[in-house]
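According to TrEMBL, the feature active site maps to GLU152. Look at TrEMBL and you will find HIS151, HIS155, HIS161 tagged as Zn(2+) binding site. Residues annotated as disulfide bond in TrEMBL: CYS285-CYS298. The domain 'Peptidase M12A' annotation in TrEMBL covers 49-254. Positions annotated as domain 'ShKT' by TrEMBL: 270-301. The signal peptide feature in TrEMBL is assigned to 1-21.
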Amino acid sequence: MKIVLLATFLLCVNFFAKTFSQEQGPYFEGDIILTPDQQDAILEQKSKNSFASVRTGLWLDNGKVQKIIEYGIDSKLARSPMAVRVIREAVEEYEKFTCLRFKEVSGRPKTKYHMYFFIGRGCFSNVGRLEGGNRISLSANGCWTKGIAIHEMGHSLGFFHEQSRVDRDNYVDIKWENMFDGAKRNFDKYSTEKLYDFETKYDYESIMHYPENAFAKPGKITIVAKDPKYQKVIGQRGGLSRIDKIQLNRMYCNDNYTTPKPWTVAPKDCKDKDKETCRRLRNVCKADAVKKICPVTCRVC
């Protein structure tokens with residue numbers, strides 16, 4: 001049993017390292033593809049300290065949420081049962097907690113606005129609804145997880161990264177000296193008018209937050225939570241956080257959604273055997289062995 005758990009842990013450590021690195025590509029903030037207009041608007045807002053002019057397109061028709069968002073899966077990506085499964089699980093997460101509804105179609109959708117998953121170099125997406133469709137890349141090297149698919153779909157639905165909020169310095173410290181060369185631009189801040197925070201507080205648990213080692217030199221950390229209990233939480237890719245769900249429903253559903261209750265405190269005798277190990281294994285909680293060593297993380301108790 002110990003050998004199996006150790007092997008599982010080592011596999012997951014390597015897996016998460018690859019996952020985070022695949023989100024840290026050469027694009028805007030690592031994994032966002034901007035249109036030329038969006039790029040120009042960002043340059044303009046930097047001089048004005050305002051991002052109001054770069055409001056990304058929401059999936060709305062005449063002020064109401066697009067009834068059905070069609071999505072397709074490229075034939076090469078569709079050859080992988082794992083890739084197809086995580087995409088469908090991500091879609092299910094959005095449908096479960098919001099009024100958004102999706103429809104999978106064969107090949108590339110013909111509708112004006114849609115999502116299209118394909119194999120690119122890393123994990124990345126357009127931001128906001130685009131005419132002609134949003135392209136979401138999920139490469140085989142670290143992108144085939146439910147959490148990554150949810151994260152990239154979040155960009156397509158209009159979300160930037162959580163730590164891009166203008167108030168982020170009240171909640172995290174950025175260790176500029178620990179970044180590799182050329183990475184500082186990925187930690188710019190933008191006004192709340194652009195980021196659609198809808199008067200919600202800063203969310204350490206957001207699936208849109210960078211991990212602690214984003215764009216870091218080997219063995220270094222670039223993001224330090226001012227509240228230490230969230231240090232190993234930032235960058236989670238398990239699923240939508242409570243505040244993620246609230247924001248989505250305020251964006252698209254006229255807040256017509258029952259706000260999820262916070263998780264209750266676990267009994268004192270319910271403890272993870274190793275917090276760091278369990279943080280790495282949070283996406284494999286279906287395994288009985290993982291549930292036994294990580295009952296809190298896996299929400300067994």
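Using N, Cα and C of the backbone, Cβ positions are placed for all residues, glycine too.
Bear in mind that TrEMBL entries carry predicted annotations, made automatically and left uncurated.
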Among HIS151, GLU152, HIS155, HIS161, which are recorded as recorded positions, the nearest neighbour of CYS298 (disulfide bond) by Cα: HIS151
The domain 'ShKT' (270-301) [mean pLDDT, rounded to integer]: 78
Number of Cβ atoms other than its own within 10 Å, given for GLU152 (active site): 26
Residue among the disulfide-bonded residues CYS285, CYS298 whose Cβ has the most other Cβ atoms within 10 Å: CYS298
Structural state of HIS155 (Zn(2+) binding site), classified by DSSP into three states: helix
C-alpha spacing of the residue listed as 'active site' relative to HIS161 (Zn(2+) binding site), in angstrom: 10
Other CB atoms, at most 10 A from the CB of HIS161 (Zn(2+) binding site): 25
